[in-house]
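*Asks:* Before anything else, here's the structure in question.
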Amino acid sequence: MSNLDRTSYEMPDEYRYTGFNTDGTPKKYYLRTYGCQMNEHDTEVMAGLLQGMGYVPTDSQEESDVILFNTCAVRENAEDKVFGEIGRLRPLKQRNPELVLGLCGCMAQEQGVQKMVLEKFPWVDVVFGTHNIDRLPALLAEARTSQATVMEVWDKAAETVEDMPKARKDNVRAWVNIQYGCNKFCTYCIVPYTRGRERSRQPEDIVQEVRQLVADGFKEITLLGQNVNDYGVDLGTSSFAKLLREVNDIPGIDRIRFTTSNPWNFSDDLIAAIAECEHVVEHVHLPVQSGNNEILKRMNRSHTREYYLQLVKKIRAAIPGVSLTTDIIVGFPGETEEQFEDTVSLVREVQFDNAFTFIYSPRENTPAARFEDTLTLDEKKQRLYRLNEAQAEVCLKRNQDLKGEVVDVLVEGASKTNAQVLSGRTRTNRLILFPGSIDLRGQHVQVEITHPQTFLLKGRMVTREEEVS
Ligand code: SAH
Ligand code: SF4
Ligand code: F3S
């Protein structure tokens, strides 16, 4: 397959109305998502396909005609949860044999999981992979008539399928895929096996999708890829910096975010593009994974501690007020106390605005799963705790430094606990709570930071954006 192979999706006629009962009422689906934003967005595509057939969503598994689990394979605990859920659904499936129960997403790509489903969870009706999403209507039809579990999992994508219907969860913020897959093969990571090789979407297709989202009133676009700074390398005609500039130029565009960028290949041109594009926010998620060079090498990360620190310096110099967040793994096989301390010292040195920290989890068929593990789970938990303590201290200090500042906030909705309090995000992706009316959802407001906390800010609205100038 060449990266240029693309096709435009059209729902086959025979499935168009399969989401209706014989009495004309719509069938119901329950769709649960685990994992990253890419998976969340795949769920929006599946919801779009189901709604295109006539189905409507439900929160009740009991009432569902179709239950799908869109799964994540990145760590073992995510997988355990899914198996638990599927186990609990056996009685429901026995009571309602018409129910179609499906497992899809990254776990479906693992041979061990496929085998496990066939052997231990035969009441699952359909298993399909990350490259087979567009086949959902046909697979549901097959699952309805087949006695055995229907399984369709391709190792790689046959082509890029454009124009898939999407039922987006939100009407303020939207995800847009720019690249699928990953070529990096970090030794701990399963993603290159579950998502295949890197494939960039054509820039015209991306720009067209964003234009439509802007026309539909979306305020924040997040460009998605596992390794966005490699965007366009396979096309030969584009680059991520070029794409950012093109998206930034779309008339009416508001905020542009992107995730995830890899520290390797983070070019000066990309830094310049982020700095000069006014709609691209001042936030870079830059997973470091470890602060120790020997561990980084065994992780097959291409960067060193020194390279990373240098990159942070360049980004901070070029983009005033930029927020830097990261991902870190503790307890990688063989990680010594000193090597772990290097990670803690890096956290203090860089002063990340936030960090997502994980205990290493061995993954099927990845090289690191064969490395010798010298630590007990307790030791790993201790390290995670110590790292989190260090990062929490940094988070609080970084947030306290913002006290008294007035920041631009895009209102996302009411806070979880109080309908009179709004929640929103700063351009730097900080969560901020402040009193206000829900009518402001989807609008920009200016908020003074009055009470900074470790993981969130509290403030008071100063003025609406249009009143500022
Ligand atoms: N493409 C992104 C990361 C995607 S996975 C990048 O390279 O930056 C998200 C995060 O999960 C990773 O950054 C890593 O910190 C964590 N992760 C991946 N595999 C893991 C494993 N086997 N055990 C624990 N954490 C893992
Ligand atoms: Fe996994 Fe590394 Fe690819 Fe990120 S860059 S998805 S951590 S293999
Ligand atoms: Fe998980 Fe797959 Fe995303 S493994 S993190 S859902 S790419």
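Cβ atoms here come from the backbone N, Cα and C positions, even for glycine.
Per TrEMBL, domain 'MTTase N-terminal' is recorded for 27-145. The [4Fe-4S] cluster 1 binding site feature in TrEMBL is assigned to Cys36, Cys72, Cys106. Residues or ranges marked as domain 'Radical SAM core' by TrEMBL: 168-398. Per TrEMBL, [4Fe-4S] cluster 2 binding site is recorded for Cys182, Cys186, Cys189. Feature annotation from TrEMBL assigns domain 'TRAM' to 400-463.
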*Asks:* Give the helix, strand or coil assignment DSSP yields for Cys72 ([4Fe-4S] cluster 1 binding site).
*Replies:* coil
*Asks:* Across all chains shown, how many C-beta atoms besides its own are within 10 angstroms of the C-beta of Cys36 ([4Fe-4S] cluster 1 binding site)?
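*Replies:* Taking all protein chains shown, Cys36 ([4Fe-4S] cluster 1 binding site) has 17 Cβ neighbours within 10 Å.
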*Asks:* An 8 Å radius from the center of the Cys36, Cys72, Cys106 Cβ atoms defines the neighbourhood of the [4Fe-4S] cluster 1 site; name the other residues of that chain inside it, in order.
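*Replies:* Near the [4Fe-4S] cluster 1 site, beyond Cys36, Cys72, Cys106, sit Tyr34, Gly35, Met38, Asn39, Thr71, Ala73, Val74, Ala78, Gly105, Val191, Thr194.
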*Asks:* For the C-alpha pair, I'd like the distance in angstrom between Cys186 ([4Fe-4S] cluster 2 binding site) and Cys36 ([4Fe-4S] cluster 1 binding site), rounded off.
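*Replies:* Spelling it out, the Cα of Cys186 ([4Fe-4S] cluster 2 binding site) and the Cα of Cys36 ([4Fe-4S] cluster 1 binding site) are 17 Å apart.
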*Asks:* Where the criterion is a Cβ under 6 Å from an atom of ligand 3, which of the binding-site residues Cys36, Cys72, Cys106, Cys186, Cys189 meet it?
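*Replies:* Cys36, Cys72, Cys106, by Cβ distance under 6 Å.
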*Asks:* In whole Å, how far does the CA atom of Cys189 ([4Fe-4S] cluster 2 binding site) lie from that of Cys106 ([4Fe-4S] cluster 1 binding site)?
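*Replies:* Counting only the Cα atoms, the answer is 12 Å.
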*Asks:* Pop the Cα-Cα gap between Cys182 ([4Fe-4S] cluster 2 binding site) and Cys106 ([4Fe-4S] cluster 1 binding site) into the table, whole Å please.
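*Replies:* The Cα atom of Cys106 ([4Fe-4S] cluster 1 binding site) is 13 Å away from the Cα atom of Cys182 ([4Fe-4S] cluster 2 binding site).
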*Asks:* Would you identify the secondary structure of Cys106 ([4Fe-4S] cluster 1 binding site) according to DSSP, in three states?
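*Replies:* The residue in question, Cys106 ([4Fe-4S] cluster 1 binding site), is helix (DSSP, three-state).
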*Asks:* Expressed to the nearest Å, what is the distance separating Cys36 ([4Fe-4S] cluster 1 binding site) and Cys182 ([4Fe-4S] cluster 2 binding site) at their Cα atoms?
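*Replies:* Counting only the Cα atoms, the answer is 14 Å.
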*Asks:* Select, from Cys36, Cys72, Cys182, Cys189, each of the binding-site residues with a Cβ positioned under 6 A from at least one atom of ligand 2; if none does, say none.
*Replies:* Cys182, Cys189
*Asks:* How many neighbouring Cβ atoms, not counting its own, are there within 10 Å of the Cβ of Cys189 ([4Fe-4S] cluster 2 binding site)?
*Replies:* 23
